[in-house]
Amino acid sequence: GRFCDELQIMCGVRSMFWCEHGGSCEEAVLGEEEYFCACPWGYAGRHCELVGAPCGEMFCFHGAECLVNEQNCQCPPDWRGSLDCVLPTSTN
């Protein structure tokens, strides 16, 4: 983290890619990246850097509101996702 208080796992000897919060490095088959992170339950993001807020049997990200009765999250304006609000609404 910003204050060197979180363990980061580096992926490969020469790679500058890492995973946080216990995420594991996985080799990418396609795409520009050499690796991606498989995040543990409750974490998301490119490096597993996002900590989710519990919402029933799932987690909401980016400050989304939990809709327990509907088993999904009400996403803030800049985020979307079928359940957890982990996708940006634009690529800008």
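In case you wondered, yes, glycine gets a Cβ from its N, Cα and C as well.
The annotation domain 'EGF-like' is assigned in TrEMBL to 7-49 (among others). Summed and averaged per residue, pLDDT over the domain 'EGF-like' (7-49) gives 87.
Within 10 Å of the C-beta of C39 (disulfide bond) there are 21 other C-beta atoms, taking all protein chains into account. Summarising the annotation, TrEMBL assigns disulfide bond to C39-C48.
Within its own chain, the domain 'EGF-like' (51-86) has Cβ neighbours under 8 Å at 21, 41-45, counting only residues six or more beyond its boundaries. Here TrEMBL flags 51-86 (among others) as domain 'EGF-like'.
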Tally of DSSP helical, extended and coil residues in the domain 'EGF-like' (51-86): 3 helix, 15 strand, 18 coil
